[in-house]
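Per Swiss-Prot, ATP binding site is recorded for 183, 184, 208, 209, 265, 287, 296, and the stated evidence type is sequence analysis. What Swiss-Prot records for 60-165 is domain 'THUMP', and it gives sequence analysis as the kind of evidence.
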């Protein structure tokens with residue numbers, strides 16, 4: 001049977017009370033963007049669900065485009081029929097015939113919110129179940145663990161039937177929680193942090209520090225490609241590429257070796273915070289994981305964070321490396337991240353960096369250099385690009401220009 005719509009269930013959005021409307025509106029905008037090259041599609045949002053009216057569009061194409069959209073708990077290809085029992089029976093039989101396998105099992109799960117329909121939910125289950133059993137010989141009922149679950153939703157505007165539920169990306173719609181700057185290196189952790197921030201509704205803009213000739217064009221391109229992977233979940237990621245060579249060279253010359261990494265991170269954070277201010281961001285996201293490296297001890301974080309009062313979101317802070325790697329593999333950033341190109345966090349790394357730097361000493365070391373002027377110069381030369389979905393993202397080839 002040909003499906004005429006996709007039924008979208010909100011999940012967590014249902015708990016948002018008075019703010020629900022703005023979350024649903026944002027989700028509808030994100031869905032519309034994902035379907036932008038399907039002009040026949042229409043989106044209809046309601047308080048507890050959303051419909052995508054296909055108007056002849058390929059439902060499988062719509063499925064693929066819904067899968068990475070945060071804010072969707074689950075969705076189902078569905079059909080709508082009139083409030084007529086014979087039409088419901090015909091649609092139910094057609095759906096189960098298409099979905100069942102030989103010697104399979106099924107159940108009917110009906111819900112009636114339109115009280116004028118002549119049968120209640122239990123009666124619908126019995127009537128439709130009996131009709132299906134009479135017409136499909138090798139099918140039996142299993143109410144606990146069926147192979148096919150036929151859902152029937154009787155509403156004032158019609159009866160909606162579906163046989164399959166696909167899990168969505170869950171979370172909150174990207175953009176519903178505001179904007180933040182993601183400190184995107186070429187490593188494993190920061191893309192995962194960006195993904196998790198997006199899942200909580202944050203619109204991210206990536207900030208990447210580029211230090212030629214110490215870092216290569218391949219390292220820069222790797223970061224752009226990683227941003228492309230993250231764009232899969234939002235449609236597009238703005239990326240700010242910061243020239244960082246001069247600052248790193250001055251740090252190497254003027255700052256004691258043991259705290260080079262601490263001062264470097266402080267300068268990165270200052271620049272990121274200024275970009276956040278210019279771009280009306282509300283927070284900074286990074287991939288710090290507690291205790292993983294010298295700059296990620298609590299003492300180091302305290303010394304680094306002292307340059308800003310802006311909230312720092314660390315989605316992976318309590319994760320083991322293996323947990324982070326699992327997510328990186330899931331979102332298809334791992335193979336990119338392990339490409340052997342140095343980024344600015346790995347150059348000039350001292351053999352024995354301090355794990356417990358003292359803030360007063362750090363500030364004393366910095367006081368002999370006019371870092372303000374260097375930061376201003378770097379900001380004046382930032383390159384900003386719009387990054388779309390990565391061409392090699394793990395989605396079907398025909399969907400590569402999805403957003």
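The backbone N, Cα and C atoms fix where each Cβ goes, and this holds for glycine too.
Overlay of Swiss-Prot annotations on the structure.
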| residue | record | Cβ contacts under 8 Å, 6 or more apart |
| --- | --- | --- |
| 183 | ATP binding site | 190, 207, 268, 269, 272, 284, 285, 286, 287 |
| 184 | ATP binding site | 190, 191, 194, 206, 207, 208, 223, 226, 227, 239 |
| 209 | ATP binding site | 185, 242, 244, 268, 271, 343, 344, 345 |
| 265 | ATP binding site | 295, 300, 304 |
| 296 | ATP binding site | 288, 289, 290 |
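Counting every protein chain shown, the number of other Cβ atoms lying within 10 Å of the Cβ of residue 287 (ATP binding site) is 25. Neighbour count (other Cβ atoms within 10 Å of the Cβ, all protein chains): 26 for residue 208 (ATP binding site).
Under DSSP, the residues of the domain 'THUMP' (60-165) split into helix, strand and coil as follows: 37 helix, 33 strand, 36 coil. Comment: ATP site residues 183, 184, 208, 209, 265, 287, 296; largest CA to CA distance 19 Å, whole number.
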